[in-house]
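See structure below.
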Amino acid sequence: MLSLSLVIPTFNEAENIQPLLLQLSSLLDHALPDRYELIVVDDDSPDHTWALAAELQPKLPMLTVLRRQSDRGLATAVVYGWQQAQGEILGVIDGDLQHPPETLLALLETMQAGTDLAVASRNVTGGGVSDWSLWRRFGSRGAQLLGLLVLPEVLGRVSDPMSGYFMVRRSALDLNRLQPRGYKILLEVIAKGRIRHIQEVGFVFRERSQGESKVTSREYWDYLRHLLQLRLQRWESSRFLKFIGVGATGVIVDSLVLYLLHDSSQLGLPLLLSKFIAAEVAIFNNFMLNDAWTFRDLAKGSQKRYWSRRFLKFNLICSLGIFLNLLILSLLVEGLKLHYLPSNWVAIAVVTLWNFWLNRKLTWVG
Ligand code: GDD
Ligand code: MN
């Protein structure tokens, strides 16, 4: 297996692609002789960047040129290239010489030392931008700050989340699950990958000497949409939020059954008996939803047969939760003389955590 697959996304980089490929191959021929590949993913550039890259193939046997006609976009081009790659380490570098090729060696070194993701950063020692206007620096920092607000657990992990120059271990990614939008492939990698350890390496973002940037206002919109998409996906995949959602349906079921059984216009059964049945029906409702949705992955397989056992445990934990709820409520109201409404919210919050964690540990084990 190859060590490194480096993807170079290009769109109209006719003047840059050949000098870049020659620099990359001479660096990597030293560092990783015969153990790397270069993959140019060109989106059918009108200036024929793909043809210019392919011209070098006789001289550079480790070079693959993919001319993509089906789609456009930097981030999807990178994923497309990685999907055809052979290497154990997947990397990306811009095709316009703004990313200094020498930084590759430092990135490679940190990867070989065992990190999962090595990011070339403008914001650590040795990093920077050439001569950006105050306005541009401000815009770049603003975008980063906004991202930090929306997705702190992703953007907070690196000093330069906008970087498009990095390497990641293939085993940390599920390439078919990446659905990036716009320019920011690194966000997608951190959000979806199994990235335990990240290392950053400083680099100076050079000025472009040939060709022009493809960034338009559309890329800013794509960035915003990408942030929101990731936020929603992460919520969707968050067990705890699902559990809370299921809990909310339980409150509705409980109220409905209580009304039907106890209300004088309905069956008019005694309050405690009605509430007992209502709570049991709600617990059953919550169990079925949690089993099929929240903890679906843990409930499937051969364990599926033991659903009655899971239901029993769930029932027990939730019933104890009801007692805990009463206990906390009376402690706060009688003991601490607090108002009963905020006291009830505290009790509900504690019992929700109790229900979630105990069921996670005992009912849906894994
Ligand atoms: N295949 C493909 N398709 N490549 C593209 C496309 C596209 O639609 N759009 C841009 N590229 C290529 C360019 O040819 C270049 O090699 C690289 O992607 C970066 O594009 P630029 O337009 O030069 O972007 P930039 O210099 O403003 O952005 C750089 O800095 C950002 C951080 O500020 C890139 O490195 C980004 O990845 C980085 O996030
Ligand atoms: Mn550029």
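Placement of Cβ uses the backbone N, Cα and C atoms for every residue, glycine included.
According to TrEMBL, the feature domain 'Glycosyltransferase 2-like' maps to 5-173.
What TrEMBL records for 240-261 (among others) is transmembrane segment.
Annotation source TrEMBL lists domain 'GtrA/DPMS transmembrane' at 242-364.
Sequence-remote contacts of a segment are chain residues at least 6 beyond its ends whose Cβ falls under 8 Å from one of its Cβ atoms, and for the transmembrane segment (267-290) they are 242-243, 246-247, 249-251, 253-255, 257-258, 260-261, 310-311, 314-315, 318-319, 322, 359, 364. Taken from TrEMBL, the feature transmembrane segment covers 267-290 (among others).
Marked as transmembrane segment by TrEMBL: 311-333 (among others).
Positions annotated as transmembrane segment by TrEMBL: 339-358 (among others). Long-range neighbours of the transmembrane segment (339-358) within the same chain, counting only residues 6 or more positions beyond its ends whose Cβ lies under 8 Å from a Cβ of the stretch, are 239-240, 243-244, 247, 317-318, 321-322, 324-326, 328-329, 332-333.
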Other parts of the chain folded back onto the transmembrane segment (240-261), taken as Cβ under 8 Å at six or more residues beyond its ends: 267, 269, 273-275, 277-279, 281-283, 285-286, 289-290, 293-294, 352, 355-356
DSSP-assigned states of the domain 'GtrA/DPMS transmembrane' (242-364) in counts, ordered helix, strand, coil: 108 helix, 0 strand, 15 coil
